[in-house]
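For reference, the structure discussed in these notes is given below.
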Amino acid sequence: MGKLWLICIASISILLPFLCNAFSPETPTDRRVLVLLDDFAIMSSHSLYFNALKSRGFDLEFKLADDPKIALQRYGQYLYDALILFCPSVERFGGSIDVAAIVNFVDSGHDLIVAADVNASDLIREVGTECGVDFDEDPSAMVIDHIGYAVSGTEGDHTLIASDDFIKSDVILGGKKIEAPILFRGIGHAVSPANSLVLKVLSASPSAYSANPKSKLSTPPPLTGSAISLVSIVQARNNARLLITGSLSMFSNRFFRSGVQKARSQTKHEKSGNEQFLTEISKWIFHERGHLKAVNVKHHRVGETDEPALYRINDELEYAVEIYEWSGTSWEPYVANDVQLQFYMMSPYVLKTLSSDKKGLYSTSFKVPDVYGVFQFKVEHQKLGYTSLSLSKQIPVRPYRHNEYERFIPAAYPYYGAAFSMMAGFFIFSFAHLYSK
Amino acid sequence: MSNSSTSDLLKPFKLKTKQQELLIRVSILCLVYILAFITRLFSVLRYESMIHEFDPYFNYRTTLYLTQHGFYDFWNWFDYESWYPLGRIVGGTLYPGLMVTAALIYRLLHFLRFAVHIREVCVLTAPFFASNTTLVAYFFGKEIWDSGAGLVAAILIAVCPGYISRSVAGSYDNEGVAIFALLFTFYLFVKAVNKGSLAWGLASAFGYFYMVSAWGGYVFIINLIPLYVLVLLITGRYSMRLYVAYNCMYILGMLLAMQIRFVGFQHVQSGEHMAAMGVFFLMQVFYFLDWVKHMLSDTKLFQEFLSITVTCAVAAGGIALGVGAASGYISPWTGRFYSLLDPTYAKDHIPIIASVSEHQPTAWSSFMFDFHILLFLFPAGLYFCFKRLSDATIFIVMYGLTSMYFAGVMVRLILVATPAVCLISAIAVSATVKNLTVLLRSKNKVAQIGSTKGTSSAKASSKASLDQSQPFQKNGAMALLFGAFYLLSRYATHCTWVTSEAYSSPSIVLAARGAHGNRVIFDDYREAYFWLRQNTPPDAKVMSWWDYGYQITAMGNRTVIVDNNTWNNTHIATVGRAMSSYEDEAYEIIRSLDVDYVLVVFGGVTGYSSDDINKFLWMVRIGGGVFPVIKEPDYLVNGEYRVDKGAAPKMLNCLMYKLSYYRFGEMMPEYGKPPGYDRARGVEIGNKDIKLEHLEEAFTTSNWIVRIYKVKPPNNRW
């Protein structure tokens, strides 16, 4: 029973009941994806991206964003595991979907890809705000970079940006280095400073700024430099993953296929990095990578195998947990050397790095501190790109029982001697006193 | 005197005067015994057989544990459901006497095949011990005066409201058995002093042991008895009887008391117990001097020896005490002890003691309420005691005077004074009535007056005056006698009324009069605790002010952060700080304590005045005592505590205010008053638009008295 509980906790943190619908803890990869479009033409103009997803086994369902029949859930059950919003200009979703529904969808542990664009609707901006990013308030603003633009047919158009300022994480972007820059044309956004979960995956270069390219720049642009995020991700506390970008066209077949040459650079790449970048990041978004689970949390006294209901102070104990990583098809052992265990009561009394056997088993042993109270075994493993593991198991630590102390202390022998000699002396004295006459 | 007119058939049953008197005495005692029990059953009749108030719930829970798990598990019980996450070593931090007593009664009843529930035993323990106390009072009264005084004492104590307040059925608290133990110990000690026998001394040591096991008030015994001995020594009443009684009682009592884990080495190390030890050594010096005096015939030599010895002894004692105190071996007096000697101490230094209503100084009216005519009889009794001074009467006088002082310091200590007041008053009643009846009866047999009885000087004087003006004296005596009986009957009426009206309320179920004079019952507490028990996860942690901790663990079966065993001031201050902070600050504290639910008590709808808003200033004070960021003036406006529009902004937005008044602004609790009219404080609240960010309302009882909020998890995407 306890084990089952721990497995659930391990893989999906606190919001268990909501998450059960999202993916089974055993196969966390999403399956059913709803794609909302402004226009069915996007199906063909972005077919490379969609085909890449389909070929990985996703079940895509294309709907117009204002289709009155669309719904995310029926009878309280979510119909999809993920949602792709390729509808930057939608003013109002059809059916029962609204911002709150999308937020609930995410808060129930489902994944979301949002692509905005120039002239993004307020609705999409609102979704972005809920996810912790703020698109440039000027609806016609674009990211302009007079230095880092991509060389293209139209001279003077610096709104097509070639960016290669990636986040440094193999988990998110895959092990293979993305050689070619990413083509981007669209609206920039800033990550909200109040939000600690949102990350810039692709940032603009320091020379970029966000403004309307058609009008003269009269006031300083609100967003400049590398504060501009081109692609951002969020991993929510319930491990739902979100991707927000200001460019729908970066997913398009045209950008996927086109070559790219960054201004002032001699290297011309045959193919832009878009396909590799967006495919790899979609693997991350749809939990094909970087998803951890912890199972078989065990703790017991040294020399025993059963898990006790509570420990005694100064007990020696062993703690072990198995951590696996989802590779898209199977659970592989997770190898790391920085998984730490806390023995925690308001503050960590013991903090130990768990040693790994490279097969997924992490273990350690330590002595319970000389303090009684309700402790917790806590593993808080939060690593960039990985789902956050937070295991906590409450375990009371009791003081010694009255008969667990040492009974005959050598230092007390003088006292024992004194007590017994006193008794004997008293007896002899009384005897002598009473019968000596 | 004998019944000469009875028929021959009844001849074998004819009783001699002695036997008649015995029969009357025994039947009176039996009636008193029953009366003491049944007068305490009002609460069961009015409400139901349930445990009252706060502390009794802890006692009940531990008793339940004791009966279920046995003594050794109880002794070693580490309770991780309270004081989360610190836990509490229950076995080592309580006085087990009450629980063990109830468990033994329970076992005995089951052995006799009475399948009672342990709760019934707990409910009736206090009345049962109150009955036993009447018997002890009888014997004690007999010991210090005569059997008449004993009988009167038994009757007075059986119904005295001061004692009933803590011993009604359901009031399952330490005091219930402790008053019995206290009086019993005193009785045995006085008996030991009178008899000078080791056996009675031993018995009083065991009585003391029971008292120590039952209540922290044993400190009173271990200080009063040495004081008494000291007084006897000073007044030149030192005797071998006293020596035997005190030494036996002190040494054995100390050894026994140290067996109670909660007391342990405190008994030889803490400042409160040093007086007894000092007097013990003084006794030895006295005995030694006595012996030397006996051996030495030269008085001059003895005088010299005396001065040297006394100086040495005092110096040695002083040095020992100084070294002990300086090295920390002897712990200084605790705050509670200080606050007893100096009533203003707690107010300035320990807000947590001062915050408890029963620790407040006693109002004059509550003396009247709890003692009624005993208050007037007490000085009269003291007069009689001084008239016939003996070792025993000196003891009761000292007991009466010291305990009256303590009763003035703290409301709850009226309880300790009650037996003394009853005994001394009983002496007054008994002596007066006896004198008056002697007067009346001797009237007819003038000839007898001079010949027989007349031991006490009081009688002698009345006899003398009798001779002067007989007819007038008779009527006067008659009138006085009637007056006395009238007063006593008033006393009986008053006691019954007080018991039924004031002291039989369980305080967990509230009763009020409805608009039509009908009784309205507010059972919100139990409703809330039952909700917690049924609807929250078993390991949920509930944060509330400490008053409700015991009830939540006992009835709701959920872990609490703080409870009525206020052993860790910092932890309580943390809760106080959370309650008096803004919601987002409080949320961090709440998260750090792993709290799942927050419970507040709110009386604005029903007009229930002892709710959390009225206790709130104590939370601020206690919280501010440890965390200086909380400042009392922030919650006051010109030194005034208010919750209406003119309240301090911090007050209007602190967590306690928000949780108490959440959604209250929409409500109209009283006809003709604006919405959000707080009936407990009689004002319209100042902040009606309360939004909660990190907490959400989970449950509010039908009369809004208890409100429970669930702590939300942190925002998913932020």
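For all residues, glycine too, the Cβ spot is worked out from N, Cα and C.
Automated prediction, rather than curation, is the source of TrEMBL annotations.
Over in TrEMBL, the protein carries these features:
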- B:22-42: transmembrane segment (TRANSMEM)
- B:26-424: domain 'Oligosaccharyl transferase STT3 N-terminal' (DOMAIN)
- B:89-109: transmembrane segment (TRANSMEM)
- B:121-141: transmembrane segment (TRANSMEM)
- B:147-164: transmembrane segment (TRANSMEM)
- B:176-193: transmembrane segment (TRANSMEM)
- B:205-231: transmembrane segment (TRANSMEM)
- B:243-262: transmembrane segment (TRANSMEM)
- B:274-293: transmembrane segment (TRANSMEM)
- B:305-330: transmembrane segment (TRANSMEM)
- B:367-385: transmembrane segment (TRANSMEM)
- B:392-408: transmembrane segment (TRANSMEM)
- B:541-598: domain 'STT3/PglB/AglB core' (DOMAIN)
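The listed stretches are B:22-42, B:89-109, B:305-330, B:367-385; of these, B:89-109 has the most Cβ pairs under 8 Å to the transmembrane segment (B:243-262). Stretch with the largest number of CB pairs closer than 8 A to the transmembrane segment (B:121-141), among B:22-42, B:89-109, B:176-193, B:367-385, B:392-408: B:176-193. Long-range neighbours of the transmembrane segment (B:147-164) within the same chain, counting only residues 6 or more positions beyond its ends whose Cβ lies under 8 Å from a Cβ of the stretch, are 25, 28-29, 32-33, 35-36, 39-40, 130-131, 133-135, 137-141, 179, 369-372, 374, 414-415, 417-419, 421-423, 425-427, 429-431, 433-434, 491-492, 494-496, 498-499, 502-503. Across the domain 'STT3/PglB/AglB core' (B:541-598), DSSP assigns 33 helix, 8 strand, 17 coil. Only residues 6 or more beyond the boundaries of the transmembrane segment (B:392-408), in the same chain, are considered here, and those with a CB under 8 A from a CB of the stretch are 143-145, 186, 189-190, 193-194, 220, 224, 227-228, 231-232, 235, 237, 340, 343, 361-362, 367, 378, 381-382, 385-386, 414, 416-417, 420-421, 423-424, 427. Summarising model confidence by region, the domain 'STT3/PglB/AglB core' (B:541-598) averages a pLDDT of 92. Relative to the transmembrane segment (B:89-109), the listed stretch B:176-193 leads the set B:22-42, B:176-193, B:274-293, B:305-330, B:367-385 in CB pairs under 8 A.
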